[in-house]
Amino acid sequence: WEFNGSFYQPSAFLMMGIPGLEALHHWISIPFCALYLTALLGNCMILFIIKKTQSLHEPMYYFLSMLAVTDLGLVLCTLPTTLGIFWFNMRRIGFDACLTQMYFIHILSFIESSVLLAMAFDRFIAISLPLRHSSILTGTTVMKIGLVIILRGMVSLLPIPFLLKRLTYCRKIELSHSFCFHPDIMNLACADIKVNVFYGMIILLSTVGMDFIFIVLSYILIIRTVIGLATKEECLKALNTCVSHICAVLVFFIPMIGLSMIHRFGRNLPPLVNTLVAYTYLIIPPALNPIIYSIKSSQIREALLKALRRKTE
(Lines of atoms letter the chains of each structure in order from A and count residues from 1; the text may use other names and numbers.)
(Lines give C-alpha, C1' and ligand atoms only; values in the text may rest on other atoms or scores of the structure.)
Protein backbone atom coordinates (compact mmCIF):
# COMPACT_ATOMS: atom_id res chain seq x y z
CA TRP A 1 0.00 0.00 0.00
CA GLU A 2 1.09 3.56 -0.72
CA PHE A 3 0.34 5.88 2.17
CA ASN A 4 0.25 9.68 1.99
CA GLY A 5 -1.70 11.22 4.88
CA SER A 6 -5.24 9.87 4.56
CA PHE A 7 -4.84 8.85 0.90
CA TYR A 8 -4.69 5.11 0.15
CA GLN A 9 -4.17 3.54 -3.24
CA PRO A 10 -3.61 -0.20 -3.72
CA SER A 11 -0.56 -1.31 -5.62
CA ALA A 12 -2.66 -4.08 -7.16
CA PHE A 13 -6.14 -5.60 -7.32
CA LEU A 14 -7.18 -9.24 -7.03
CA MET A 15 -9.38 -10.52 -9.84
CA MET A 16 -12.13 -13.10 -9.46
CA GLY A 17 -12.85 -16.12 -11.64
CA ILE A 18 -16.24 -17.79 -11.29
CA PRO A 19 -17.32 -17.54 -7.63
CA GLY A 20 -18.05 -20.85 -5.96
CA LEU A 21 -16.54 -22.87 -8.81
CA GLU A 22 -12.83 -22.22 -8.21
CA ALA A 23 -12.07 -25.95 -7.99
CA LEU A 24 -13.47 -26.43 -11.51
CA HIS A 25 -11.58 -23.58 -13.17
CA HIS A 26 -9.41 -25.93 -15.25
CA TRP A 27 -12.52 -27.63 -16.69
CA ILE A 28 -14.38 -24.33 -17.12
CA SER A 29 -11.43 -23.02 -19.12
CA ILE A 30 -12.24 -25.51 -21.94
CA PRO A 31 -15.42 -23.75 -23.20
CA PHE A 32 -13.74 -20.39 -22.67
CA CYS A 33 -10.79 -21.49 -24.81
CA ALA A 34 -13.23 -22.68 -27.47
CA LEU A 35 -15.01 -19.30 -27.47
CA TYR A 36 -11.76 -17.33 -27.60
CA LEU A 37 -10.42 -19.52 -30.41
CA THR A 38 -13.68 -19.14 -32.35
CA ALA A 39 -13.55 -15.37 -31.90
CA LEU A 40 -9.91 -15.09 -32.96
CA LEU A 41 -10.14 -17.41 -35.98
CA GLY A 42 -13.60 -16.21 -37.04
CA ASN A 43 -12.80 -12.51 -37.03
CA CYS A 44 -9.42 -13.05 -38.71
CA MET A 45 -11.21 -15.10 -41.37
CA ILE A 46 -13.74 -12.29 -41.94
CA LEU A 47 -10.93 -9.74 -42.36
CA PHE A 48 -8.97 -12.03 -44.70
CA ILE A 49 -11.97 -12.77 -46.91
CA ILE A 50 -13.00 -9.10 -47.18
CA LYS A 51 -9.44 -8.06 -48.03
CA LYS A 52 -8.97 -10.75 -50.69
CA THR A 53 -12.44 -10.57 -52.33
CA GLN A 54 -12.84 -7.55 -54.61
CA SER A 55 -16.64 -7.81 -54.69
CA LEU A 56 -16.75 -7.27 -50.92
CA HIS A 57 -14.99 -3.89 -51.14
CA GLU A 58 -18.12 -1.90 -50.37
CA PRO A 59 -19.41 0.06 -47.30
CA MET A 60 -21.32 -2.80 -45.68
CA TYR A 61 -18.22 -4.99 -45.54
CA TYR A 62 -15.89 -2.14 -44.59
CA PHE A 63 -18.05 -1.62 -41.51
CA LEU A 64 -18.03 -5.37 -40.92
CA SER A 65 -14.21 -5.21 -41.00
CA MET A 66 -14.32 -2.49 -38.33
CA LEU A 67 -16.59 -4.71 -36.24
CA ALA A 68 -14.21 -7.66 -36.63
CA VAL A 69 -11.16 -5.56 -35.60
CA THR A 70 -13.07 -4.27 -32.56
CA ASP A 71 -14.07 -7.80 -31.56
CA LEU A 72 -10.46 -8.95 -31.88
CA GLY A 73 -9.42 -6.09 -29.60
CA LEU A 74 -12.00 -7.06 -26.98
CA VAL A 75 -10.84 -10.68 -27.06
CA LEU A 76 -7.18 -9.73 -26.70
CA CYS A 77 -7.99 -7.39 -23.79
CA THR A 78 -9.69 -10.05 -21.65
CA LEU A 79 -8.00 -13.28 -22.78
CA PRO A 80 -4.70 -12.97 -20.78
CA THR A 81 -6.31 -12.24 -17.41
CA THR A 82 -9.24 -14.65 -17.82
CA LEU A 83 -7.16 -17.66 -18.87
CA GLY A 84 -4.45 -16.62 -16.42
CA ILE A 85 -6.93 -17.12 -13.58
CA PHE A 86 -8.41 -20.35 -14.96
CA TRP A 87 -5.06 -21.99 -15.76
CA PHE A 88 -2.58 -20.57 -13.25
CA ASN A 89 -4.72 -18.82 -10.61
CA MET A 90 -2.93 -15.55 -11.43
CA ARG A 91 -5.35 -13.19 -9.73
CA ARG A 92 -3.08 -10.19 -9.11
CA ILE A 93 -3.08 -7.24 -11.51
CA GLY A 94 -1.23 -3.95 -10.94
CA PHE A 95 -3.27 -0.82 -10.31
CA ASP A 96 -2.11 1.02 -13.45
CA ALA A 97 -2.34 -2.15 -15.55
CA CYS A 98 -5.93 -2.58 -14.35
CA LEU A 99 -6.84 0.99 -15.32
CA THR A 100 -5.24 0.48 -18.74
CA GLN A 101 -7.18 -2.73 -19.36
CA MET A 102 -10.40 -1.07 -18.18
CA TYR A 103 -9.84 1.92 -20.49
CA PHE A 104 -9.37 -0.24 -23.59
CA ILE A 105 -12.28 -2.56 -22.74
CA HIS A 106 -14.63 0.41 -22.44
CA ILE A 107 -13.23 2.15 -25.54
CA LEU A 108 -13.68 -0.99 -27.64
CA SER A 109 -17.21 -1.50 -26.29
CA PHE A 110 -18.13 2.07 -27.23
CA ILE A 111 -16.51 1.65 -30.65
CA GLU A 112 -18.51 -1.55 -31.26
CA SER A 113 -21.71 0.27 -30.36
CA SER A 114 -20.86 3.08 -32.81
CA VAL A 115 -19.92 0.64 -35.58
CA LEU A 116 -23.28 -1.10 -35.17
CA LEU A 117 -24.95 2.30 -35.57
CA ALA A 118 -22.91 2.99 -38.72
CA MET A 119 -23.97 -0.41 -40.09
CA ALA A 120 -27.62 0.46 -39.38
CA PHE A 121 -27.16 3.75 -41.28
CA ASP A 122 -25.60 1.81 -44.17
CA ARG A 123 -28.59 -0.55 -44.31
CA PHE A 124 -31.01 2.40 -44.23
CA ILE A 125 -29.26 4.11 -47.16
CA ALA A 126 -29.00 0.82 -49.11
CA ILE A 127 -32.74 0.12 -48.77
CA SER A 128 -34.17 3.66 -48.88
CA LEU A 129 -31.81 5.22 -51.45
CA PRO A 130 -30.25 2.29 -53.34
CA LEU A 131 -29.27 4.37 -56.39
CA ARG A 132 -27.39 6.92 -54.26
CA HIS A 133 -25.84 4.43 -51.83
CA SER A 134 -22.40 4.32 -53.45
CA SER A 135 -22.25 8.11 -53.87
CA ILE A 136 -23.26 8.81 -50.25
CA LEU A 137 -21.07 6.18 -48.59
CA THR A 138 -17.82 6.48 -50.52
CA GLY A 139 -14.58 4.92 -49.30
CA THR A 140 -13.42 8.30 -48.00
CA THR A 141 -16.68 8.81 -46.11
CA VAL A 142 -16.40 5.38 -44.51
CA MET A 143 -12.84 6.16 -43.40
CA LYS A 144 -13.97 9.47 -41.89
CA ILE A 145 -16.81 7.72 -40.04
CA GLY A 146 -14.33 5.16 -38.67
CA LEU A 147 -11.96 7.91 -37.50
CA VAL A 148 -14.78 9.81 -35.78
CA ILE A 149 -15.90 6.60 -34.04
CA ILE A 150 -12.39 5.97 -32.65
CA LEU A 151 -11.85 9.58 -31.53
CA ARG A 152 -15.29 9.68 -29.91
CA GLY A 153 -14.53 6.62 -27.80
CA MET A 154 -11.02 7.73 -26.84
CA VAL A 155 -11.90 11.31 -25.89
CA SER A 156 -15.14 10.56 -24.03
CA LEU A 157 -13.45 7.92 -21.82
CA LEU A 158 -10.12 9.71 -21.30
CA PRO A 159 -11.11 11.22 -17.90
CA ILE A 160 -12.20 7.86 -16.41
CA PRO A 161 -8.71 6.57 -15.38
CA PHE A 162 -7.85 9.94 -13.83
CA LEU A 163 -11.15 10.03 -11.93
CA LEU A 164 -10.31 6.59 -10.50
CA LYS A 165 -6.72 7.53 -9.62
CA ARG A 166 -7.88 10.47 -7.48
CA LEU A 167 -9.99 8.20 -5.21
CA THR A 168 -9.00 6.82 -1.82
CA TYR A 169 -9.49 3.05 -1.72
CA CYS A 170 -10.47 0.72 1.12
CA ARG A 171 -8.50 -2.34 2.10
CA LYS A 172 -10.85 -4.57 0.11
CA ILE A 173 -9.12 -4.98 -3.25
CA GLU A 174 -11.00 -7.93 -4.79
CA LEU A 175 -12.71 -7.28 -8.12
CA SER A 176 -15.86 -9.09 -9.23
CA HIS A 177 -14.51 -10.26 -12.60
CA SER A 178 -11.42 -11.62 -14.31
CA PHE A 179 -10.99 -8.23 -15.99
CA CYS A 180 -11.15 -4.60 -14.88
CA PHE A 181 -14.48 -2.79 -15.22
CA HIS A 182 -15.14 0.84 -14.25
CA PRO A 183 -18.11 0.33 -11.87
CA ASP A 184 -16.30 -2.60 -10.24
CA ILE A 185 -13.17 -0.55 -9.46
CA MET A 186 -15.19 2.48 -8.46
CA ASN A 187 -17.17 0.53 -5.87
CA LEU A 188 -13.96 -0.41 -4.02
CA ALA A 189 -13.29 3.23 -3.13
CA CYS A 190 -13.85 4.67 0.34
CA ALA A 191 -14.20 8.21 -1.04
CA ASP A 192 -17.20 10.01 -2.49
CA ILE A 193 -17.76 8.52 -5.96
CA LYS A 194 -20.65 10.76 -7.07
CA VAL A 195 -18.50 12.39 -9.76
CA ASN A 196 -17.52 8.97 -11.15
CA VAL A 197 -21.10 7.73 -11.11
CA PHE A 198 -22.45 10.91 -12.72
CA TYR A 199 -19.77 11.06 -15.43
CA GLY A 200 -20.09 7.33 -16.16
CA MET A 201 -23.87 7.59 -16.56
CA ILE A 202 -23.65 10.72 -18.75
CA ILE A 203 -21.06 9.14 -21.05
CA LEU A 204 -22.95 5.83 -21.24
CA LEU A 205 -26.26 7.50 -22.09
CA SER A 206 -24.75 10.00 -24.54
CA THR A 207 -22.80 7.36 -26.46
CA VAL A 208 -24.12 3.80 -26.21
CA GLY A 209 -27.61 4.96 -25.21
CA MET A 210 -27.88 7.35 -28.15
CA ASP A 211 -26.42 4.73 -30.51
CA PHE A 212 -29.13 2.27 -29.51
CA ILE A 213 -31.89 4.87 -29.95
CA PHE A 214 -30.63 5.80 -33.43
CA ILE A 215 -30.34 2.12 -34.40
CA VAL A 216 -33.99 1.62 -33.42
CA LEU A 217 -35.00 4.75 -35.37
CA SER A 218 -33.06 3.50 -38.40
CA TYR A 219 -35.01 0.25 -38.38
CA ILE A 220 -38.32 2.06 -37.98
CA LEU A 221 -37.46 4.02 -41.13
CA ILE A 222 -36.27 0.84 -42.88
CA ILE A 223 -39.54 -0.94 -42.05
CA ARG A 224 -41.54 2.04 -43.36
CA THR A 225 -39.57 1.91 -46.61
CA VAL A 226 -39.90 -1.86 -46.93
CA ILE A 227 -43.66 -1.76 -46.39
CA GLY A 228 -43.93 0.56 -49.38
CA LEU A 229 -42.22 -1.93 -51.73
CA ALA A 230 -44.31 -3.36 -54.53
CA THR A 231 -44.09 -7.11 -53.93
CA LYS A 232 -43.73 -9.40 -50.94
CA GLU A 233 -40.58 -10.92 -52.47
CA GLU A 234 -38.89 -7.51 -52.64
CA CYS A 235 -39.94 -6.82 -49.06
CA LEU A 236 -38.45 -10.10 -47.77
CA LYS A 237 -35.28 -9.65 -49.83
CA ALA A 238 -34.72 -6.18 -48.35
CA LEU A 239 -35.33 -7.34 -44.78
CA ASN A 240 -33.07 -10.37 -45.27
CA THR A 241 -30.08 -8.06 -45.75
CA CYS A 242 -30.68 -6.73 -42.21
CA VAL A 243 -31.00 -10.04 -40.34
CA SER A 244 -27.27 -10.41 -39.58
CA HIS A 245 -27.03 -6.86 -38.30
CA ILE A 246 -30.14 -7.22 -36.10
CA CYS A 247 -28.65 -10.38 -34.55
CA ALA A 248 -25.33 -8.60 -33.90
CA VAL A 249 -27.17 -5.67 -32.27
CA LEU A 250 -29.16 -7.96 -29.96
CA VAL A 251 -26.12 -10.08 -29.05
CA PHE A 252 -24.18 -6.94 -28.07
CA PHE A 253 -26.76 -4.65 -26.46
CA ILE A 254 -28.79 -7.12 -24.35
CA PRO A 255 -25.82 -8.32 -22.19
CA MET A 256 -24.38 -4.78 -22.04
CA ILE A 257 -27.61 -3.28 -20.72
CA GLY A 258 -27.99 -6.22 -18.33
CA LEU A 259 -24.47 -5.77 -16.92
CA SER A 260 -24.93 -2.01 -16.48
CA MET A 261 -28.20 -2.56 -14.61
CA ILE A 262 -26.66 -5.25 -12.37
CA HIS A 263 -23.72 -3.02 -11.40
CA ARG A 264 -26.01 -0.14 -10.50
CA PHE A 265 -29.14 -1.78 -9.12
CA GLY A 266 -28.45 -5.50 -8.63
CA ARG A 267 -26.12 -5.61 -5.65
CA ASN A 268 -28.33 -8.18 -3.92
CA LEU A 269 -28.09 -10.64 -6.82
CA PRO A 270 -25.82 -13.70 -6.45
CA PRO A 271 -22.24 -12.97 -7.61
CA LEU A 272 -22.51 -15.80 -10.14
CA VAL A 273 -25.22 -13.89 -12.07
CA ASN A 274 -23.01 -10.80 -12.32
CA THR A 275 -20.06 -12.91 -13.50
CA LEU A 276 -22.00 -14.83 -16.16
CA VAL A 277 -23.57 -11.67 -17.61
CA ALA A 278 -20.14 -10.02 -17.76
CA TYR A 279 -18.61 -12.98 -19.64
CA THR A 280 -21.63 -13.07 -21.97
CA TYR A 281 -21.14 -9.38 -22.73
CA LEU A 282 -17.42 -9.52 -23.50
CA ILE A 283 -16.87 -13.01 -24.98
CA ILE A 284 -20.09 -14.12 -26.72
CA PRO A 285 -20.47 -11.24 -29.27
CA PRO A 286 -16.90 -11.55 -30.65
CA ALA A 287 -17.39 -15.32 -31.02
CA LEU A 288 -20.89 -15.17 -32.53
CA ASN A 289 -20.57 -12.22 -34.94
CA PRO A 290 -18.35 -14.06 -37.48
CA ILE A 291 -20.65 -17.09 -37.33
CA ILE A 292 -23.77 -14.95 -37.82
CA TYR A 293 -22.33 -13.14 -40.84
CA SER A 294 -20.84 -16.30 -42.34
CA ILE A 295 -24.22 -18.05 -42.16
CA LYS A 296 -26.46 -15.17 -43.25
CA SER A 297 -24.26 -13.41 -45.83
CA SER A 298 -24.22 -15.41 -49.06
CA GLN A 299 -21.33 -13.28 -50.41
CA ILE A 300 -19.08 -14.06 -47.44
CA ARG A 301 -20.13 -17.71 -47.56
CA GLU A 302 -19.31 -17.99 -51.26
CA ALA A 303 -15.98 -16.20 -50.81
CA LEU A 304 -15.11 -18.56 -47.93
CA LEU A 305 -15.95 -21.63 -50.03
CA LYS A 306 -13.81 -20.32 -52.90
CA ALA A 307 -10.88 -19.76 -50.54
CA LEU A 308 -11.25 -23.28 -49.15
CA ARG A 309 -11.37 -24.78 -52.67
CA ARG A 310 -8.16 -22.96 -53.64
CA LYS A 311 -6.37 -24.43 -50.62
CA THR A 312 -7.55 -27.98 -51.37
CA GLU A 313 -6.56 -27.81 -55.04
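Any Cβ shown, glycine's included, is placed from N, Cα and C.
What TrEMBL says about this one:
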DOMAIN    42-293  domain 'G-protein coupled receptors family 1 profile'
TRANSMEM  24-50  transmembrane segment
TRANSMEM  62-88  transmembrane segment
TRANSMEM  100-121  transmembrane segment
TRANSMEM  142-164  transmembrane segment
TRANSMEM  197-222  transmembrane segment
TRANSMEM  243-264  transmembrane segment
TRANSMEM  276-295  transmembrane segment
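Sequence-distant contacts of the transmembrane segment (197-222) (same chain, six or more residues past either end, CB-CB distance under 8 Å): 109-110, 113-114, 116-117, 120-121, 123-124, 127-128, 152-153, 156-157, 159-160, 163, 182-183, 186, 238, 242, 246, 249, 253, 256, 260. If you look at the transmembrane segment (142-164), the same-chain residues 6 or more away from its ends with a CB under 8 A from one of its CBs are 59, 62-63, 66, 99-100, 102-103, 106-108, 110-111, 114-115, 118, 182, 185-186, 189, 195-196, 199-200, 203, 206-207.
Per-residue pLDDT, averaged across the domain 'G-protein coupled receptors family 1 profile' (42-293), gives 90. Same-chain residues lying 6 or more positions outside the transmembrane segment (62-88) and placing a CB less than 8 Å from one of its CB atoms are 15-17, 25-26, 28-29, 32-33, 36, 39-40, 43-44, 46-47, 50-51, 101, 104-105, 108-109, 111-112, 115-116, 118-119, 122, 139, 142, 146, 149, 178-179, 248, 282-283, 285-286, 289-290, 293.
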